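According to TrEMBL:
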TRANSMEM  31-49  transmembrane segment
TRANSMEM  69-95  transmembrane segment
DOMAIN    79-215  domain 'Ferric oxidoreductase'
TRANSMEM  171-192  transmembrane segment
TRANSMEM  204-223  transmembrane segment
TRANSMEM  235-253  transmembrane segment
TRANSMEM  279-298  transmembrane segment
TRANSMEM  318-335  transmembrane segment
REGION    341-368  region 'Disordered'
Amino acid sequence: MVGSTPASVQRHRWFDWSELRADLRSAVPDATAALVVTAGIFVWLYARVSSGTSMTLQVMPDLADADRYWMYWLCQAFGWSGLLWAWLTIMLGLVRSSSRPGWLRVSVARIERWHRTTSLTTIGLMFAHAALFFAELVRADEDGRSWIGRLTTSFAEVFVPGVYSSGTGRIAILIGLLALYLTIPLGLAFYLRRTTGSRMWRALHRFIVVGYVLSVWHTLLYGTNVWYDGAFRTTVWLLQLPVAVLFLVRLLAPARRGERLRPRDAAGRPGAVSLVARLAGRVAVAATVVGLLVVAATGRDGGRTPGVSGAGLDVTRTQVWVGLVVLLVVLAVVVRRMSPTRSAPKPARAPDRDGSATSGADTGRGGH
C-alpha cells in the first residue's frame, strides 16, 4: 500500500535504536579515555594503600592489603571516573541548553553529540562501579554462605535500594542507587522522543541534574578518600561551583525563547504560578553558588576530623524515601502535562539563535 509503514519500522519506532547505535560508536574514543583515566586512578589508589598513606586506611584499616582488596580499589577508581564524567556531561548539557556566546566556535551539533556520548560513558562507569562492589562483596563473604547465598545476598545489598544496612552505607548506598536508577532512564530519554514527543523528553531529561546531585552527595558521604575534611574534599566541593554558575546562566539565558523568564506565557496570558516557580528556581541556584563560595572560603566542607567522634547522620532513610516519592510525583505531573495527546500542535516559526525551531515537528534535540 502506498504510504504504509513497514511493520519492522513501526515495531522499533518507540525507541531510536539507530541513533543509540550511532552514539555508542561515537562514544568508543570517549569510553576508552575514561578507562585510561580509571586505570590511572586505580594505580594511584593502589600505590597510596601500599605505602600506607591512603586516608581510607584510617577509616577501614583492614583494607591495607592492596593485593587482596584490589577489586575494592578498582571499584573506587570507577566511582571517581564516573563522577568526573558525570561532571563533564552535565557541563556539556548546560552549555548546549544555554544561549550560545559569540566567542564559542564549537557547533551546537558537536556539543550535543559530546553530551550524548559522555552520558553513555557515565552510565557505563556508574554500572561498573556498582558491579565491582558486588563482586568484592561476593569474594569477601565472611559468613560462610554457599555461592548461591553469596550471590543473592550481595546482589540485594548492592542493587536493591534500602537493603544495605551497615554504617553510613545505609544512607550513602541508597542515595547512590537512586542516582544510578534515575540516571539510566532520564539519560536515555532522548532515544524515546519518538514515543514521548520532544517536549516531554526535554522536560524529563532536565531532572538528570537530580541524579548528578545525588552522585555528588553519595561521594561526599561515603567516599573514604574524602571521608575527612581537607584539600581533596574541598576540591570536590569547588568542582560544583562551575556547574552551579553555568546552571544559573542556563536559567537566566536559556537557548529556547519559551523558557525565558516572562510575566506572561506564550499565549500572552498572565502566568503567575510559572513565573514564581521559575524565579524561585533562579534564586535557589544563586543561593547554591553563594553556599559553594562560603565552603571554599571557610574550608568547612562537612568532612570528619581524624580522632574526633562526629555527629550522627542528619538524614534518615525515611527522609530519602519521602524525597523520592515527591520527585516521582513531580515526574508524573510532568508526564501528564507534556503528554503528546494533551499537547496541541504548534505552528512552525523561525529558528532560535542556536538554529533549532521549537515547533510541532521539532526533532527533540537539546540539552538540559
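Sequential numbering from 1, following the chain as shown.
Using N, Cα and C of the backbone, Cβ positions are placed for all residues, glycine too.
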Closest-packing stretch to the transmembrane segment (279-298), where packing means Cβ pairs under 8 Å, from 31-49, 235-253, 318-335: 235-253
For the transmembrane segment (318-335), distant same-chain residues with Cβ under 8 A (at least six beyond the ends): 162, 171, 174-175, 178, 200, 203-204, 207, 210
Residue distribution over DSSP helix, strand and coil in the domain 'Ferric oxidoreductase' (79-215): 107 helix, 1 strand, 29 coil
